[in-house]
Structure formats: structure tokens, C-alpha cells
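Colleague: Quick one: structure below, then a few questions.
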Amino acid sequence: MTVENHKGGGLFVMKCGGSTLAALPDSFFDDLRELQRSGAQPVIVHGGGPAISGNLEKLGIESSFVNGLRVTTEEVLDVVEMTLAGSINKAIVRRIQGSGGQALGLSGVDGRLITARLVANSSEVGLVGEVTGVNAEIVRGVLAMGYIPVIAPIGVDAGGQRYNINADTAAGAVASFTGSPQMIVVTDVPGIMRTLDGRKTVLPSVTVGQIEDLIENGEIYGGMIPKVRAAIDCIQGNVSEVVIVDGKEPRVLSRVLQGEELGTRIIRS
Ligand SMILES: Nc1ncnc2c1ncn2[C@@H]1O[C@H](COP(=O)(O)OP(=O)(O)O)[C@@H](O)[C@H]1O
Ligand SMILES: CC(=O)N[C@@H](CCC(=O)OP(=O)(O)O)C(=O)O
């Protein structure tokens, strides 16, 4: 079975950040429904960092971050899974269905959709995973049934151990393994910004090679770092660009897919 690219934009992976999920207007989901109807094949990978932090706080469980990754114990992982694969995943599915689209929620554990192993610095961050594989057949099968796969970034290994995976990293891996030509990162800022002559401007495009300099000089920091690193990792093979956009921009998905200059495009060179 192959995933074909259609006039409506074909296969694309979209990552929705926890920073923006609640703020996404109904028109965002109307646009998604229209894309699906016109033959596009969207695949959604979502985050939910702020909601996880809120639930941990309510439960009185301490958590911290090392280089943007949540320090994850089994106790923290219970809350991560409950929040991502539970409330957040289902809220997105309900919003898509509410606008007339069709969606099916999954976590990376289901059908071993996302396999993972411990990250190299697990002595610092605990049960955080790096992706070893994505079962693209499941993604294709769900798309072929006419549903948008909505994926929570929890990974699993052969022994059944779960891992907390940064959502940008998981989305990049899903894009690579499904051979999606594009990954669209929907967040709460209009793209990668930089201060020029005292004014903040959005960079219309950056190359993989320019990114390390922007991190080095502090212009890319915090939550933007995993996005650009995921972009560097996935821009190869079929994935030719990663676009970072603000989800509140009207008809943002269809405009990006039509090639409009919006947000920041990260390209090979
Ligand atoms: N150069 C940059 N341009 C834009 N945003 C940046 C930049 N560097 C860091 N950021 C930060 O990255 C944030 C987006 O990451 P994050 O909050 O993790 O979002 P999400 O929940 O969508 O993954 C922005 O709100 C901003 O504070
Ligand atoms: C390992 C790690 O840090 N995992 C993230 C997973 C959620 C996520 O990435 O959500 P956003 O996209 O909203 O940031 C976390 O626990 O917060």
C-alpha cells in the first residue's frame, strides 16, 4: 500500500504543540476538514506539556526539565500517559469530529506504533525515549479508512517499557518513517523570530546549516530547540521541509500546503 500525494496537499504530518492547542480556533479544524475532504492525508502528532505540568502540580508530583526534556520517573510517566493519550488526545479527536472531520486517536503504544529506547542521557532525564521505529502501515491503514490519525508521543520497547517522547521529536520521526514530504509545526509564535535593528522579525526560511548558529548565539532557545532539532533530523529522504507556523493564523494549513510564504520554512540548503 502506498500513500499517494493528492492535489489537496497529499500526505503531511502536523505537530500541534501544547502551548497552542486550547487557543486553536474552530476555523483551524474547519480548514483541516476541508483539506481532508479534498484528498489531503493529514497525520497529527500532538504535545501537551503545559497540561502535563498542570496535572503533576495538582497531584503534588515534582517535575523538572533538562535541556527541554522532562525528567521522567514511572510516577511522572503515569501522568504523562494519562494526559497525552487520555484527555489531550481525545480533546483533539472531539474537535476534529465536531467540525465534521474524521479522526482516530492512538498513542505510540497502540500496535507498537512508535518504538523507542532510552535516550543517551537517561541518567539525567529518566524514562525519556528516542524513536527507533514507526509502524507506517498503521498510519497508512488509518488514512486509507478515511480517518486522520491523532498520535500521542508515548513510545514502547519490545519488553513493554513505556517512554516519554518529546512531541516535536516524535512528529519528526513519524514524518521520516511515513515519507511525508512536509512537516508542519503548529505553535504559538509566527515562526522562528530574530531581532534585527531592534525589531523582531520572522525568518521566512532557514537552512539546516544556519540553525546551529542561531542556537549558539541564543536566538533560538527553550521550546524552539526541540523543533529545529527534530527538523534537522527529519529533513532527509522524502521530507524536504519543515514549516513552523502560528495556529491562530487564518487557514494556516491550506495556505502552507498551497506554498504561501507563511511562518518559517526549514529547508535542506
Ligand atoms: N527564535 C525564536 N523564535 C520564536 N520563538 C522562540 C524562539 N526561540 C525560542 N522560542 C520560544 O519557543 C516557544 C515555542 O515552543 P513551546 O512553548 O515548546 O511550544 P509548543 O508547545 O508549541 O511545542 C515560543 O513561545 C518562544 O517562547
Ligand atoms: C520528554 C518530554 O519532555 N516530553 C514532553 C511530551 C509532551 C510535549 O512534548 O509537549 P509540547 O509539544 O507541548 O512541548 C513532556 O513531558 O512535556
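Glycine is treated like the rest: Cβ placed from N, Cα and C.
Here the structure is a predicted model, which means the values were calculated and not measured.
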Colleague: Check TrEMBL for me: it has GLY48, GLY49, ARG70 binding substrate, so pick out which one of ASN135, ASN164, ASN217 it puts in that same site.
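Modeller: For the substrate site that includes GLY48, GLY49, ARG70, TrEMBL also lists ASN164.
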Colleague: At a 10 A cut-off on CB-CB distances, which of the binding-site residues GLY48, GLY49 has the highest count?
Modeller: GLY48
Colleague: How many whole Å apart are the CA atoms of GLY49 (substrate binding site) and LYS227 (site 'Transition state stabilizer')?
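Modeller: Computed Cα spacing between GLY49 (substrate binding site) and LYS227 (site 'Transition state stabilizer') is 14 Å.
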Colleague: Nearest by CA distance to LYS15 (site 'Transition state stabilizer'): which of the binding-site residues is it, out of GLY48, ARG70, ASN164?
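Modeller: Closest by Cα distance to LYS15 (site 'Transition state stabilizer') among the binding-site residues GLY48, ARG70, ASN164: GLY48.
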Colleague: Determine which residues of this chain, when GLY48, GLY49, ARG70, ASN164 are set aside, have a Cβ within 8 Å of the centroid of the substrate site's Cβ atoms, and list them as they appear in the sequence.
Modeller: GLY18, GLY47, ILE52, SER53, VAL80, THR83, LEU84, ASN166, ALA167
Colleague: Helix, strand or coil: which one is GLY49 (substrate binding site) in, per DSSP?
Modeller: helix
Colleague: Can you count the other CB atoms that lie within 10 A of the CB of ARG70 (substrate binding site)?
Modeller: 21
